Amino acid sequence: MSVAGAPESTFDTVLVVDFGAQYAQLIARRVRECHVYSEIVPPTMPVEEMLAKKPKAIILSGGPSSVYADGAPQAPPGLFDTGVPILGICYGFQVMAQTLGGTVERTGRSEYGRTTINVATDSLLFHSLPQQQTVWMSHGDAVSQVPDGFTVTGQTADAPVAAMEHRDRALYGVQFHPEVVHTEHGRAVLQHFLYEAAGCRPTWTMVNIVEDQVARIRAQIGSKRAICGLSGGVDSAVAAALVQRAIGDRLTCVFVDHGLLRQGEAEQVEKDFVAATGASLKVVDAQERFLTALAGVTDPETKRKIIGREFIRVFEQAAREIVAEAGEGDEAVEFLVQGTLYPDVVESGGGNGTANIKSHHNVGGLPDDLQFTLVEPLRELFKDEVRRVGEELGLPAEMVWRHPFPGPGLAIRIVGEVTAERLEILRAADAIVREELTRAGLDRAIWQCPVVLLADVRSVGVQGDGRTYGHPIVLRPVTSEDAMTADWARVPYDVLATISNRITNEVPDINRVTLDITSKPPGTIEWE
């Protein structure tokens, strides 16, 4: 967790060993919801490296493999002899059992979905919980014999060993998934392991996170200056607010207004963010430049590349100006702040917290002579934690709870060429959708609601006494926790009716409103 030169973190650490299939991130989130810091590591990490992180506990995640299959991931040698409390979940439970001399086999009795389990209420994991409870299973293999010294603490109709423990060695295992919401006492099981078996302290709170990060940022940046590119999104805003609290006016934020934002967002960045943080802000009006570069382009990937290229060039020039101005005052600008989140770190294979900017995927392509050291104050946080940190820092709710918005902006929500006229049409429709969702109290229930203009499609309609040929608008409301998967949101019909009536009456050239009811997968959240 530490940055070179920064004070050691005061948080207890739980390592989640990732055996695949997206289970690890969910487990890590659930541990943090218990106010304990968690970090995901691969099963290939040597035990010595794990112990160097000073974990209070280790959790072995589920995974799609069979423990006895060739090439199946295993626990690193010596893991179960470290004395660190360990909880194995599903596949991790089976790895623990097999490694320590138990038996895992395919019994022919698989369990998928909700299952009733009978537990030993005098065991550490299940004390004070009902003897019979509902859990979520997802396994074909099963532990048929526990290792020596272990006690069976849970059974189902098809799994005679659904949980086990060796309390003297602080080793625990469950075949079910305590991290999923369908396991009715899953949080309690995790809390019993974290607080009682491992002695973890519930100190991973927003106040403590902010204090910890501010201290580490100050230690990293010292007396130097930093710059941050604001996109209008919550990640860059919270990252900038954290750094600004740490180093004050030695941070300069750059906001490139490419003209592709939604209604009122540019003004929100320029006014609300500065008012809330007092940060120094350099605004670059590049709307004409971006529209000129996008003229005649309809291919979505080409749009993305053009926008990325132009953004880099504009940001580069702004950065040069800031560096030059600082140089005149003998104050070097050595650091670039980015809003990288923990899922980005996990999916890219990790990182050491500081790297040269040209190697980072978020801002790749900056020229070689613009050398910065990265400051990534959010790289240990999930999205929901970032929002709570933003609230703790006093950022406006409209900014903190803003729906995710793509970097290329409205350009990839216009199916067809991007023009100033089409942007105005889409902005007006999008503003109505956001206003009505807010009025209905659905802001936080919906992950995001892209509004898509089918600019190259003409739809026949009747408005007034005449026939019209306008553009269709597509509403794409979805629910999600992390955008990896999503379901279409069941927005009440009366809200949809109000949105449709307002758009077709108030927005010129729109005569049809449609609803996208595709989940992800198979469809992505954005259309382009």
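Our numbering is plain: 1 for the first residue shown, then up by one each step along the chain.
The backbone N, Cα and C atoms fix where each Cβ goes, and this holds for glycine too.
According to Swiss-Prot, the features are:
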| type | residues | note |
| --- | --- | --- |
| DOMAIN | 13-203 | domain 'Glutamine amidotransferase type-1' |
| ACT_SITE | Cys90 | active site, nucleophile |
| ACT_SITE | His177 | active site |
| ACT_SITE | Glu179 | active site |
| DOMAIN | 204-402 | domain 'GMPS ATP-PPase' |
| BINDING | Ser231, Gly232, Gly233, Val234, Asp235, Ser236, Ala237 | ATP binding site |
Position of peak Cβ density within 10 Å, selected from the recorded positions Cys90, Val234, Ala237: Ala237
Average model confidence [pLDDT] within the domain 'Glutamine amidotransferase type-1' (13-203): 92
Chain-mates of Ser231, Gly232, Gly233, Val234, Asp235, Ser236, Ala237 with C-beta within 8 Å of site centroid, ATP: Leu230, Val238, Gly339, Met399, Arg402
Ser231 (ATP binding site) and Glu179 (active site), Cα-Cα, nearest whole angstrom: 33
Neighbour tally for Ser236 (ATP binding site), based on other Cβ positions within 10 Å of its Cβ: 22
Sparsest-packed of the listed recorded positions (Glu179, Asp235) - C-beta count within 10 angstroms: Asp235
His177 (active site) and Gly232 (ATP binding site), Cα-Cα, nearest whole angstrom: 37
His177 (active site): tally of other CB atoms within 10 A of its CB: 23
Alpha-carbon distance [His177 (active site); Ser236 (ATP binding site)] in Å: 34
Rounded distance in angstrom between the Cα atoms of Val234 (ATP binding site) and His177 (active site): 31
Spatial neighbours of His177 (active site), counting only the recorded positions Cys90, Gly233, Asp235, Ala237 and Cα distances within 10 Å: Cys90
Residue among binding-site residues Gly232, Gly233 with least C-beta crowding, 10 angstrom cut-off: Gly233
Length of the line joining the Cα atoms of Cys90 (active site, nucleophile) and Ala237 (ATP binding site), in Å: 39
Packing count at Ser231 (ATP binding site) (other Cβ atoms within 10 Å of its Cβ): 20
